[in-house]
Amino acid sequence: MSQTELSHREAKRERERNPDLPENHPTNALSPWRKFAALVTLSFSGFLGQFVAAIILVAFPPMAADLGASIGDIANSVGYTLLGIAVGPLFWNPLSRTLGRRPVYLLGSLLFLPCAIWQALSKDYVTFAISRVFAGLSIAFSQTVPPSTIADIFPPAVIGQKMSMYVVAIITAPAAAPFFCGLIVRSSWRNLFWFVLGLGGLQLILFFFFVPETQWVEDSTPPTSVSEDKDIEHREAATPSGGHVGVALYPWKQPKEFMRICLGPISMLKYFVITVPSFYYGFAFSWLVGITVVTPQTLIAPPYNFAIVPLGCAFLAYGIGGLLGFWFGGLLGDKTVAYVARRQSTRQPEQRLWAALPVMPFMFVALLIIGLSLQLELHWIGLLIGGGLYFFTISVITGLIQTYVLECNLPQGMDSMAVFNFFRMLWGFVCPFFVWNWGMKHGWLACYVTQGALTAGLGVIVCGFLIWKGRAIRAAQNMPLWD
């Protein structure tokens, strides 16, 4: 190995260390390859959590025939998985903050395996629907706990860069799943879940071998309290006095303290700047779920008559929109914050929301294109363009609003994210139950114009009001304030 390559590796290792932390802290103790292996595993887990919800999107007809249900019933089962993912973090997050990250990863991955088998062997629709809920509950940890592990093993200077792999994996999963579904479902829809079982087994193996315990417990921390999670990009340095990696407390020995931690997300609901933007984002996200449910039911019917494999490939357009939106949203948000902070000579969470305002009209345009395409039975590319544009806009505002919610209460970041995830998945659960019937009864143009007007209009109102009064509301509710 040349001297230049050696110097490059040493420089990379130093960038991923934090001299303010003890040597036995995971940020300093783990080698670069162990960190990379953990990051790949966490990203794969986040991908699988969304993948299992979307794996049936192009298998509605054969599943409906086999389970004795309607196509609409099968579409609704997407929502059942999202319901499980919405509720699951209320159980997994407290465990990860007490027993540690690794037990949650191993237990959740293990419980997911029988849920995959349950889905594959379901003989009727009710059994299948229940199995979908439990699958969501078991895999829910993958949507909220990994960011804490990433924050445990990387210093603040590189966390944003490392988080991008995890976020991209989550964004691409709903678009990749129908593609695999189209290739597999031709033999049997049950093979979809045998495939998911294999992925779940791989997840368990990866967690067992490549993700060590990373929860840091300072020696000075009293045994009856758990340090609150910090924002993944603003985590405060641990005191160099020392500490250890492992269990913070045992729930069965300190049930009152564990219950207090469990109720943490509920206590976040009283904060306006956390609940209102989270509720709005969930509302906007629900139409994205609606698009993924409407697309297969539309394209398999006349005048489009898509075969299964082309139908699965059609979803790749949505994935491209999501990826471009993630890149653009990060760039737009960072530049907007830098510009506004420079103008105001101070840094506040609300400054990030300025970047969301110009995105709102495009949300309306995207849904209008979808409505026109469906109402007038235009060329199928219109539906994909509109859907891709909406995936793009949702991807943009995801980073902006999620980061805003996180920054408003840095010391309780995991609880804030539990609220954010709950509203996102709860709205995603509700939407499949009514969006298809809404469009069929009242017309697709009226359906999607209403969605677009409400989403764009409420977005401008919510973001504008928070830009205007967000800091004052945080001060009035005794939330942490930025200098």
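Positions of Cβ are set from backbone N, Cα and C atoms, glycine also.
Per TrEMBL, the feature compositional bias 'Basic and acidic residues' maps to 1-23.
Sequence annotations record features per position, and here TrEMBL assigns domain 'Major facilitator superfamily (MFS) profile' to 38-483. Per-residue confidence over the domain 'Major facilitator superfamily (MFS) profile' (38-483) averages out at a pLDDT of 90.
Marked as region 'Disordered' by TrEMBL: 1-27.
As annotated by TrEMBL, transmembrane segment applies to 36-62 (among others).
The transmembrane segment annotation in TrEMBL covers 74-92 (among others).
Taken from TrEMBL, the feature transmembrane segment applies to 104-121 (among others).
The transmembrane segment annotation in TrEMBL covers 166-185 (among others). Residues 39, 42-44, 46-59, 62, 143, 146-147, 150, 191-192, 195, 292, 296, 308-320, 322-323, 325-326, 391, 395, 399 of the same chain lie 6+ residues outside the transmembrane segment (166-185) yet bring a C-beta within less than 8 angstroms of a C-beta in it.
For 191-211 (among others), the entry in TrEMBL reads transmembrane segment. Sequence-remote contacts of a segment are chain residues at least 6 beyond its ends whose Cβ falls under 8 Å from one of its Cβ atoms, and for the transmembrane segment (191-211) they are 34, 37-38, 40-42, 44-45, 48, 51-52, 55-56, 59, 101-102, 105-106, 109-110, 112-113, 116-117, 119-120, 149, 180-181, 184-185.
What TrEMBL records for 269-294 (among others) is transmembrane segment.
The transmembrane segment annotation in TrEMBL covers 306-332 (among others).
Summarising the annotation, TrEMBL assigns transmembrane segment to 353-374 (among others).
Among the features that TrEMBL reports, transmembrane segment is placed at 380-406 (among others).
Beyond its flanks by at least six residues, the transmembrane segment (418-436) meets 72, 75-76, 78-80, 82-83, 85-87, 89-90, 93, 143-144, 264-265, 268-269, 274-275, 278-279, 281-283, 285-290, 293-294, 297, 402, 405, 447 of its own chain at Cβ-Cβ distances under 8 Å. Sequence annotations record features per position, and here TrEMBL assigns transmembrane segment to 418-436 (among others).
Sequence-distant contacts of the transmembrane segment (448-468), counting only residues of its own chain at least 6 positions beyond either end whose CB sits under 8 Å from a CB of the stretch, comprise 273, 276-277, 280, 283-284, 287, 290, 350-351, 353-354, 356-357, 359-361, 363-368, 370-371, 374, 397, 404, 439. The transmembrane segment annotation in TrEMBL covers 448-468 (among others).
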Report yes or no: does the transmembrane segment (36-62) come within contact of the transmembrane segment (306-332), defined as 3 or more CB pairs under 8 Å with a sequence separation of 6 or more? yes
Need a quick answer: max count of Cβ pairs under 8 Å to the transmembrane segment (306-332), which of 74-92, 104-121, 353-374, 380-406 is it? 380-406
With pairs fewer than 6 apart in sequence excluded, do the transmembrane segment (380-406) and the transmembrane segment (269-294) have three or more C-beta pairs that lie under 8 Å? yes
Quick test of the contact rule: Cβ under 8 Å, at least six residues beyond the ends. What residues does that give for the transmembrane segment (74-92)? 49, 52-54, 56-57, 59-60, 63-64, 67, 104, 108, 125, 128-129, 132-141, 143-145, 262, 265, 289, 292-293, 297, 417-418, 421-422, 424-426, 428-433, 436
